[in-house]
């Protein structure tokens, strides 16, 4: 977390824009924690929360617009491309479609809070023919809600930032090792099960 603080202090709004945009494009980056830290730092000075919110929302909208247009032009192929990172890409596409068909464009409001779905929701909206004005309205609402949740969490708890960072630093190494082992076992299990099904 300390390196995130250093980057935020060194590059300010530019770093916030880049990390949010790349994370919304699908890269596994800690955009939400970075926004929390930026919000905590904003409580003590520049940049203000208004600028942080505007930059974060802009980054979200640009990334969402890219994937929406890609979905309009290339349809399900974009979803299949994004789902390739999943061990079960066919299930990834079908489950995403079921979720989106159930809630429609309204799911864009909460999509950013759901890991994985936040990336595939915009191209799915394009692929299913949701109009651009409607898409923009819902993804704007979701972007504001997601960005504000992180920024104001940091703003509100800025007095406890040092204690939170100390806790993260104390347990981050062990947590990372446990997470890596758990992820490895999960991927191994899914891969073996998938091969077994194809073998049948």
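Cβ atoms are placed via backbone N, Cα and C, with glycine included.
These figures come from a predicted structure and were not determined experimentally.
Now, the feature entries from TrEMBL:
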| type | residues | note |
| --- | --- | --- |
| TRANSMEM | 6-22 | transmembrane segment |
| DOMAIN | 30-155 | domain 'VTT' |
| TRANSMEM | 52-70 | transmembrane segment |
| TRANSMEM | 135-158 | transmembrane segment |
| TRANSMEM | 170-189 | transmembrane segment |
Distant-in-sequence neighbours of the transmembrane segment (135-158), which means Cβ under 8 A and at least six residues beyond its ends: 20, 32-33, 35-44, 49, 52-53, 56-57, 60-61, 64, 68, 105-106, 108-113, 122, 125-126, 164
DSSP-assigned states of the domain 'VTT' (30-155) in counts, ordered helix, strand, coil: 107 helix, 0 strand, 19 coil
